Amino acid sequence: MVRKWALLLPMLLCGLTGPAHLFQPSLVLEMAQVLLDNYCFPENLMGMQGAIEQAIKSQEILSISDPQTLAHVLTAGVQSSLNDPRLVISYEPSTLEAPPRAPAVTNLTLEEIIAGLQDGLRHEILEGNVGYLRVDDIPGQEVMSKLRSFLVANVWRKLVNTSALVLDLRHCTGGHVSGIPYVISYLHPGSTVSHVDTVYDRPSNTTTEIWTLPEALGEKYSADKDVVVLTSSRTGGVAEDIAYILKQMRRAIVVGERTVGGALNLQKLRVGQSDFFLTVPVSRSLGPLGEGSQTWEGSGVLPCVGTPAEQALEKALAVLMLRRALPGVIQRLQEALREYYTLVDRVPALLSHLAAMDLSSVVSEDDLVTKLNAGLQAVSEDPRLQVQVVRPKEASSGPEEEAEEPPEAVPEVPEDEAVRRALVDSVFQVSVLPGNVGYLRFDSFADASVLEVLGPYILHQVWEPLQDTEHLIMDLRQNPGGPSSAVPLLLSYFQSPDASPVRLFSTYDRRTNITREHFSQTELLGRPYGTQRGVYLLTSHRTATAAEELAFLMQSLGWATLVGEITAGSLLHTHTVSLLETPEGGLALTVPVLTFIDNHGECWLGGGVVPDAIVLAEEALDRAQEVLEFHRSLGELVEGTGRLLEAHYARPEVVGQMGALLRAKLAQGAYRTAVDLESLASQLTADLQEMSGDHRLLVFHSPGEMVAEEAPPPPPVVPSPEELSYLIEALFKTEVLPGQLGYLRFDAMAELETVKAVGPQLVQLVWQKLVDTAALVVDLRYNPGSYSTAVPLLCSYFFEAEPRRHLYSVFDRATSRVTEVWTLPHVTGQRYGSHKDLYVLVSHTSGSAAEAFAHTMQDLQRATIIGEPTAGGALSVGIYQVGSSALYASMPTQMAMSASTGEAWDLAGVEPDITVPMSVALSTARDIVTLRAKVPTVLQTAGKLVADNYASPELGVKMAAELSGLQSRYARVTSEAALAELLQADLQVLSGDPHLKTAHIPEDAKDRIPGIVPMQIPSPEVFEDLIKFSFHTNVLEGNVGYLRFDMFGDCELLTQVSELLVEHVWKKIVHTDALIVDMRFNIGGPTSSISALCSYFFDEGPPILLDKIYNRPNNSVSELWTLSQLEGERYGSKKSMVILTSTLTAGAAEEFTYIMKRLGRALVIGEVTSGGCQPPQTYHVDDTDLYLTIPTARSVGAADGSSWEGVGVVPDVAVPAEAALTRAQEMLQHTPLRARRSPRLHGRRKGHHRQSQGRAGSLGRNQGVVRPEVLTEAPSGQKRGLLQCG
C-alpha cells in the first residue's frame, strides 16, 4: 500500500505545479485529508502520510496543464490504487458554492412532507391480487416517524391483504440508512427482533447496528406470502442494501438487473478552497444480517432471476404465478405417488420428503423440475420416477393418459397363407453361420395374440432351421420393442426341453394391486432350444421396451450372454400424470406402475441393460462369435479349476463342497456372463472366496508364460562380510529405548538356510545389542512375510532350551501329513528367555511368515500383540496353471494349526491383543511397559489401603497379604482399565464383598470420582423447589401419612434448609394417625442425618442409643443417639409406623430401616434389602488413574455381632416390592391406630437399671423384651434442624 501511494502522489503533486500556478502542493495534502477523514475503508489508507511527504519532496514534474485532464488522470490513479470505482475526482470551476441543502424535516409541515413523499411512491393491486409498491426514495427515520400512521392507513392496509407483493426499487437510487428498519420490519416474519445489518460511518467513526423494529404499527406481511423485489442497473445505495438483506433472509426473490454496486452514503466534497471535488463513500455495510461477509457494495446485488429492467414486472408476475401453483403441484404429486407408484414401500418416505421440501428458492419450472427430480430419485433410488417440462403439444390431457399400452389396436393378421408367410419372412431374418451357429434377427415385437396366429409359420420358417444349430445369436440391435405380452412366450423356448414349468419372473401392478408370477409354457409349437447351448443377444442403444425386457430376463435367468451397447432404457408400464398446465406447456410426472422382479428377488428399476461384453453395435456380431469360441472351453476351465483345488488346496474338508458348487453354477449358466479369461478369473475368484470364506484363493489371467512351480529354488547365496554388514544395516533396525526397552524391526523373513549361514554375524551385529534389555519390541508392521522356515528358529530365542515348546502344527496338502513344529534345542548366541516381556507390533501389511511368528507368540501367551489385524496370509502358496490356458489358480497348500487348541489359525489373520492404528502401536507398547513396571507398587499400595481402611481389620490385613502373592496374574495386563478390572475381581473374591471396588477414571473424567469432588451446594432459594421435587408426601385413606424420598442428604447440607423441610414436607404428615415411610427406591447416601430422622419417631425425653458404628481409618466406635431438640414437632412413638423396602434399598436407607426394626419402632414390609454398606471412602492409588472404593465403617450395635451390611435387612412381612404399599394399607386399616405407650420405651430411657431391646409389634409400635445391651448414657442434646446430626 505504501508503494502504491508513492507512485500515485507524485502524479498528484506534479500535476499541481503547472504553469497556471493555481495548484499548490498543499492541495495534495488537503485531498489526502479528505480521504483520511471521510473514506469508509480507512484501513486501506495505511502508509499514505509517509508517501505524501515523500511525494512532496520529489522534484519530478508532470506537465499537465488542463485541470479536466488532470482530474481524469487523478481519478484513474485513485481508483486503481484503492480498487474502488466509486472514488471520483472532478474539476468544477462553475460550482462556486455547495448546492443548497433540502430544508430540514422539522421545518416542513405535514402536508409538505406528504407531498414530497408521494412523488416517489406508487401503489396498486394488480391482477391475481398481487400488491405493487414502487418506492423511488427511501425516507429516513424523521419522515417515517411522522408519516407512519398516514402510510399505514393509506398505503399499507391496501397491500397487506394481497396474496403476494412486488416491491419495485428499479428507480430508487438512494435514501436514508435510518429508513431501512421500517421497510424490513414490515416484511420480516415473526415477532422477534433481528439484527439485519451493521453500518460503519467514517466521518463520525461510529458503528451502528440495524435491527428490525420491536413493534410495527399495523399488520406485518404474512410470512407465507411471496415478496418480489424489482431491481435495475440504476438501483443504488440504501435500496441495494434493502434488496440484499431481503435476499439474504430468503424473504424475497430479486428479479431484474444487477444493481449499480454503489454506497450507502456517497458524498461529493470540495478539496480545500479549490475547484476540485472528491466523490467518496463515507459509510459502508459491514455485512447484512451481521455476518460480516462480503456485501453488495462495489459489486451490486445479483438478481435471483435475471431479466431486462423493463421486463422485470412481467417476469415477476410469472414467477408469482408459478409459486402460487406450487402447493397444488406438490399435492397432485403426492396423490399420484399414492395411487400409481409401484414400489409401495418407498411411498411413505417420498411423501415425507415432499412434505418437508423447501421450495423457497424455486423461481422457474426448470428449478422446480431439478429440485423435484433430485429429491424423488435420491429417496426412491428409482431413475424411472421423474418430473418433466412438457410443451403444449406434449402436455397430458389428464391422469388417464399413460404409456402403459400403445393406443392403437392390435393389427389384424391377413387370412391369406402366402401373405402370412411373406409377413414372417419380412420380420424375421434367419441364417446359419459357419460353425453351425444360428443367427436370428427380428426388429419389432408383436402382441402374443399375433404370434399365436402366426405360430405355425414362424415354427416352419424361423424356428425349425435353427433347431440343430450348436449355438444361437439373437440380434436385437435394431429392435425398438413393442407390447411385452409376448415376452413369456419367447422365454419359454429357451428352457430345458424336459423341464416342468419354470418361474421366469414376476410383476407387481400398482393399479390392480396384484402380483403376478410368470411361468414358462410347456405346450409349445416345436421344441425348446434348451439351456445347454449358448445363446448370445446383440443389443444397441436403440434396443428398447419389450426388447429390453427380453434381454434383461435372459441375462438374469443365466440363459444368454449379452453383447453390444447399453440399451435405451425406454420402458413401458409407466403412467403420465399432469402436475401443472400453463399456456407455455406445463409439468408432468412419469411414474412406473409395474415392476419386474427377477428370480433373484431383484427389482429392475429401468435404466439401460448393461451387456456382459460392451462393444460398439456394429462390432457386436464379431465380438459375439469371439465370446462363443471362448465359451466352448468354459466348462473345461471351470472344471479344471475344481480339479486343482481338489489336488492342492490345504483345506480338504471344504474342497468337495466347492467342486460341487462350481459344477452347479456352471450347469445353471452362471458363467455365461464371463466373456474372456479376465472376467472368468474375476468371477471364479469371487465365487471361491464366497464358498470357502478364504480370501487367499485367487484365480488370475496371465497372458505371459509363468515360471514352473516345480523348479527347484536356487541355493542360498552367502554374501561377503562387507555385503552382509551393509544388508544387516539396511534390513534391521535396532535401538535401546529408555527404560532398557529393546526395539527390533525387520521387514522381511529370510529362508532358514540363509539365516543359518549368516547367523554369527546377525548375533554379533544385531542380537547382542538387545539380548540384555529388560523387555523387547519386535516390529513387524512393515513385514509382508516371505519364507516361514526360519520362524521356529526366531521363536526359539524367546523360550528356554528345555523343555522344548510345541509352537504350531503344519498340515501339508501334498503329503496329507501333519508336522509338529517345536523350538530348537540349540541356537546361536544367547536366548532372550521366557520371563522378560515381549511385544510384537503388526499392521494390515504384516503377512505370511510374519503372521506365523505373531500367531505363535500370541497362542502361547508369550507376547502381547499390538496394532492392526494382519493381512491373513498363508505359510505356503502354490500357483497352478488351469490346463494349458493362460488362467492360473493361487491357493494355500499348507495350513497352520494352533499348538494349544489344535484348530486352524483364523483365515482373517492375527487379531491383536490391543487394536490401535499402526502409527501409535510403538507408543502403546511403551505405555504398557511403563504400566507393567508400576504393577508391583500398585498392588502394594492397594493392599496397604485395604489393610488400613477396610471395615473388617482382620480381613483387610489378610487380603493385603494374599494380594501380594497374586502378582503373576498381572503379568499380561495391558491398560489401567484392565488392571482396575482385574484388581477389583481379586479383591472381591478375597473379601466376598461386592462393595470393594476399583475404578479407572481418566484425567478428563475426574469430576465423576465418588467421594473426591465435593458436591456443589445450591442456594436456599433453589432448595425450595428441590425439596418439593425430591420428597413425595400424601395423606392416604384413614389419615395414614405417606413419605417417600429416594436418597439421604448430608447432615450439614440439610441443616441449612431444615425450616424448608419442616414447612414443605413434615407439616403435611406429622398429624396423621399412622405413617408409611417408603424406602423401596432409596439408594442411600450419607448416614450423618439418620440420628435426626430417627429422633422424630421417638418421644421427647432421655436420648436413646440407636446404633454403634465402627470406623476403621481412626479405629474408633461412634454412637448414634436420638436428639433432644428438633426443628418442628415430633411424630412420637405411640403412632404406628411402617417402612417399605425392596432389593433396591441400599446404604443409609438400610441403616435407618435396620435401626427402626431392631428398636421395635417400625414394621418392615417388602423385600430383603440389597445388603449394601455404610458410605464407602474412595482413595487414589499412587500416580495412576486408579481409585479404590473401600467400605470403611460397619454397624456394631448388635450384641451378637450381626449387622445388615452384606446381607440386607429382612422384612417382618415379606411381599413383592410392588405389593408392599397395598399390604401396608390393608394392615393399618384393620388395626387400631392408637396404642398405649410401650413399657419397653420406658425401660430404655436414660437412668433405668434395665434396658430393653424390643421387637416390632404388628404395626411398628414398641412392644419389647428386656435387652440390657442397648441403652447407655447419651450426651445431652442440643437443638437440631430436621435430619440433623448429633
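Cβ from N, Cα, C; glycine included.
Look at Swiss-Prot and you will find 1-17 tagged as signal peptide. The region '4 X approximate tandem repeats' annotation in Swiss-Prot covers 23-1231. Residues or ranges marked as N-linked glycosylation site in Swiss-Prot: Asn107, Asn161, Asn205, Asn513, Asn1114. Marked as repeat '2' by Swiss-Prot: 324-631. According to Swiss-Prot, the region 'Disordered' annotation covers 389-415, 1227-1286. What Swiss-Prot records for 933-1231 is repeat '4'. The compositional bias 'Basic residues' annotation in Swiss-Prot covers 1233-1252.
Sequence features, as recorded in Swiss-Prot, placed on the structure.
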| residue | record | CB count, 10 Å |
| --- | --- | --- |
| Asn161 | N-linked glycosylation site | 13 |
| Asn205 | N-linked glycosylation site | 9 |
| Asn513 | N-linked glycosylation site | 8 |
| Asn1114 | N-linked glycosylation site | 7 |
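Of the recorded residues, Asn205 (N-linked glycosylation site) and Asn1114 (N-linked glycosylation site) place their C-alpha atoms 72 Å from one another. A distance of 47 Å separates the Cα atom of Asn161 (N-linked glycosylation site) from that of Asn513 (N-linked glycosylation site).
The DSSP secondary structure for Asn205 (N-linked glycosylation site) is coil. Taken as a whole, the region '4 X approximate tandem repeats' (23-1231) shows an average pLDDT of 85 in this prediction.
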